[in-house]
Amino acid sequence: MKDTAIVAARTRVSVLLPLPLAGAYDYAVPSSMTIRPGEFVSVPLNHRELVGVVWDPPPTPDLNPIPDRRLRPISGTLPVPPMTESLRRFVDWIAAYTLSPPGAVLRMAMSVPAALEPPTPQAGWVLAPPGGNSRPRITPERQRVLDALRPGEVQAGAPLAEAARVSLGVLRGMAENGLIRPALLPHRRRFARPDPAHPGPALAADQREAGAALRAAVAARRFGVTLLTGVTGSGKTEVYLDAVAECLTQGRQALVLLPEIALSAQWLDRFRARFGVAPALWHSEVTSRTRRDTWRAVAEGEAPVVVGARSALFLPFPDLGLVIVDEEHETAFKQEEGVVYHARDMAVVRARLSQAACVLVSATPSLESLTNAETGRYALLHLPERHGGARLPAVEVLDLRRTPPERGRFLAPPLVEAVGETIGRGEQAMLFLNRRGYAPLTLCRHCGHRMRCPNCTAWLVEHRAKRLLQCHHCGHAEPPPAECPECGTANSLTAVGPGVERVLEEATALWPEARRLVMASDTLPGPAAAAEAARAIQDREVDLIIGTQIVAKGWHFPHLTLVGVVDADLGLAGGDLRAAERTVQLLHQVAGRAGRAEAPGRVLLQSFSPEHPVMRALVSGDLEAFMQEEAAMRRPGHWPPFGRLAALIVSSEEEREADRTARDLGLAAPGGEGVQVLGPAPAPLALLRGRHRRRLLLKTRRDIAVQPILRDWLARVAVPNHVRVQVDVDPVGFL
Ligand code: ADP
Ligand code: ZN
């Protein structure tokens with residue numbers, strides 16, 4: 001059924017509410033109303049009025065199987081375009097795939113309730129028609145106002161007063177004298193149209209070819225996925241902006257997902273340079289007013305391009321023609337709270353339901369996407385060279401067993417020397433360590449006591465500048481005690497291991513003259529700070545950058561020629577399925593920040609295991625071979641992407657309750673050919689925010705869907721009220 005069709009002669013409709021209920025409720029349609037599928041309606045529920053969406057076909061099960069005559073009627077409809085069929089099917093799809101209540105998914109598509117209300121009309125001023133008996137006095141001030149208003153044009157008071165250099169009182173006086181009169185402001189276009197014909201850079205031959213392939217995919221106006229890969233700095237962004245231009249030419253909307261949109265000032269500059277205007281933005285730091293305007297503009301087809309975080313997938317695009325996921329390998333695309341979903345995978349689904357082209361972009365694609373390209377499900381485009389003749393940096397491993405740092409230091413002599421030389425030449429250097437704060441562990445030298453979080457299975461991280469010990473999981477913070485809380489010895493607590501603050505301290509001692517900048521999520525708390533940091537680096541106001549993983553994200557710093565990785569082994573600890581893959585991706589991205597212009601780049605990896613396949617892959621730069629080895633290791637055991645996983649995380653404030661439910665789930669575990677359950681076992685984070693956690697992992701062959709098995713499994717186990725069982729289909733984290 002088409003969205004525009006009226007539900008003929010329907011006297012009852014199913015309304016999905018944005019609440020975590022198992023299904024929908026039926027309501028009666030008053031005879032005075034014509035109700036279309038997708039319509040936003042207000043309905044009574046218990047003693048409240050709620051806004052929901054007319055859902056057609058109704059989700060199962062029907063929560064309200066009562067006869068027509070006893071149904072409560074819909075109270076009214078809201079003046080917004082109905083939710084499109086493609087978005088409704090997207091909500092259904094995610095709910096089914098993630099085993100979430102459909103209403104919980106719908107809530108993500110209705111995240112801005114204010115956008116559903118009619119916009120409050122704003123008043124302004126317009127020239128009064130000439131005539132009338134009295135001729136009011138025209139002062140020079142008044143004349144300026146008359147000059148500023150074209151006949152018929154309505155202007156808001158403040159800008160008009162400003163343009164005419166008069167006070168608002170002058171306008172009121174003119175209105176009293178009949179020179180101008182109040183009028184409603186016209187509906188304003190809130191987002192300028194990016195101009196697809198705006199001249200972009202001339203593409204190099206291989207870029208042009210890739211761009212043409214993407215343009216063709218967009219122009220086909222049907223679903224298809226392309227994986228766009230290429231070395232860092234090869235111009236992937238320029239190429240996919242070409243696809244955006246094609247989408248604009250087609251008159252359809254484009255969505256670009258970025259993993260750290262709030263830090264993406266450089267990306268926005270490039271968009272502006274390419275299209276002449278800024279795109280609409282969608283992320284958690286956008287003000288509520290802008291969110292409301294953006295949501296409405298998207299629904300009305302007025303925001304041609306949206307750049308956003310994963311939640312932008314739920315915006316009400318009436319005609320989505322292109323979805324781009326930049327840095328598709330990023331784990332930041334996985335939402336771990338509430339409805340647990342992977343935005344990269346859901347972007348593909350959204351594109352399919354909208355008959356849109358989908359482009360996944362990365363210099364270090366996930367094994368999932370590479371495998372899909374290999375089997376032909378995705379088209380593959382590859383840019384082999386850095387743009388403008390820039391070469392990829394030379395990567396070397398610094399063997400910490402052979403050249404250890406001095407006692408109490410973390411930078412080995414060859415790295416110290418390289419940094420000194422680089423900044424001595426007037427170039428920029430970067431030290432990368434994926435750890436915030438000063439030290440990850442605080443220990444009593446006397447009794448060995450370790451400072452732990454009271455709510456989590458985690459050590460407290462020292463943040464020396466703030467004089468705090470902090471838990472990075474729950475936010476618990478306490479000042480460092482003067483004496484050991486265990487043995488009472490004074491001044492016995494000592495910092496163990498480095499965080500970026502400690503590297504900064506070392507750098508300050510080594511290069512006191514160098515201008516240093518720390519880039520971490522707590523030192524660059526928002527878009528403005530990140531933009532300012534990027535500007536300072538570009539304008540060479542910084543010699544040495546010290547950063548956590550946020551420095552890996554797509555930055556283009558032309559004067560940066562040396563990257564030192566303080567602890568290349570860091571991500572390899574722990575038994576995570578993707579630890580090696582992720583470390584290669586992260587370190588290759590960090591390395592890719594070096595040597596992006598004329599001067600060649602150099603990368604030094606400090607490691608205790610130079611023979612590790614991850615270090616070898618980074619040195620050789622042959623990530624393809626590395627990923628093939630990864631695939632060869634995962635394939636026989638049916639590990640993703642050659643098999644499926646779903647995790648159950650059982651949690652409770654009562655340890656015994658968590659254990660009991662986990663054991664019950666273990667006893668009821670499904671089995672059979674190609675189906676296996678691992679656990680229950682205490683989660684690595686066995687205590688998180690005061691809740692005890694146990695994990696079970698369902699593993700199936702690729703041709704076996706996990707959802708029916710999970711549904712059946714969960715239905716067979718009674719879960720007490722205060723125990724939570726979270727389902728994580730396709731888990732990315734295993735903590
Ligand atoms: P990637 O996304 O592959 O890392 P980018 O698109 O960021 O690469 O390109 C790297 C740098 O090269 C950017 O500064 C970009 O503006 C520049 N660049 C890429 N292609 C061109 C081109 N055809 N003409 C001019 N500059 C380009
Ligand atoms: Zn904690």
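The backbone N, Cα and C atoms fix where each Cβ goes, and this holds for glycine too.
As recorded in TrEMBL:
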BINDING   Cys444, Cys447, Cys484, Cys487  Zn(2+) 1 binding site
BINDING   Cys453, Cys456, Cys471, Cys474  Zn(2+) 2 binding site
DOMAIN    217-383  domain 'Helicase ATP-binding'
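Known features from TrEMBL, placed on the structure.
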residue : record                : Cβ within 10 Å
Cys444  : Zn(2+) 1 binding site : 20
Cys447  : Zn(2+) 1 binding site : 12
Cys453  : Zn(2+) 2 binding site : 24
Cys456  : Zn(2+) 2 binding site : 22
Cys471  : Zn(2+) 2 binding site : 20
Cys474  : Zn(2+) 2 binding site : 16
Cys484  : Zn(2+) 1 binding site : 21
Cys487  : Zn(2+) 1 binding site : 12
Item checked: Euclidean distance between Cα atoms of Cys487 (Zn(2+) 1 binding site) and Cys453 (Zn(2+) 2 binding site), Å -> 18
Check: Under 6 Å from ligand 2 by Cβ, which binding-site residues from Cys447, Cys453, Cys456, Cys471, Cys474?
Finding: Cys453, Cys456, Cys471, Cys474
Notebook entry, point to check: Could you give the Cα-Cα distance between Cys474 (Zn(2+) 2 binding site) and Cys484 (Zn(2+) 1 binding site), in whole Å?
Noted result: 23
Next item on the list: Show, in sequence order, which residues other than Cys453, Cys456, Cys471, Cys474 on the same chain lie with their Cβ within 8 Å of the centre of the Cβ atoms of the Zn(2+) 2 site.
Entry: Pro454, Asn455, Ala458, Leu460, His472, His473, Gly475, His476, Leu688, Arg689
Check: Using an 8 Å cut-off from the Cβ centroid of Cys444, Cys447, Cys484, Cys487, can you name the remaining same-chain residues around the Zn(2+) 1 site, in sequence order?
Finding: Arg445, His446, Gly448, His449, Pro485, Glu486, Gly488, Thr489, Ser492, Leu493
Notebook entry, point to check: Taking just the CA atoms, what is the gap between Cys471 (Zn(2+) 2 binding site) and Cys444 (Zn(2+) 1 binding site) in Å?
Noted result: 18
Next item on the list: Take every residue in the domain 'Helicase ATP-binding' (217-383), average their pLDDT values, and give the whole-number result.
Entry: 94
Item checked: Rounded Cα-Cα span from Cys456 (Zn(2+) 2 binding site) to Cys487 (Zn(2+) 1 binding site), Å -> 22
Next item on the list: Take the C-alpha atoms of Cys444 (Zn(2+) 1 binding site) and Cys456 (Zn(2+) 2 binding site) and report the distance between them in angstrom, rounded.
Entry: 20
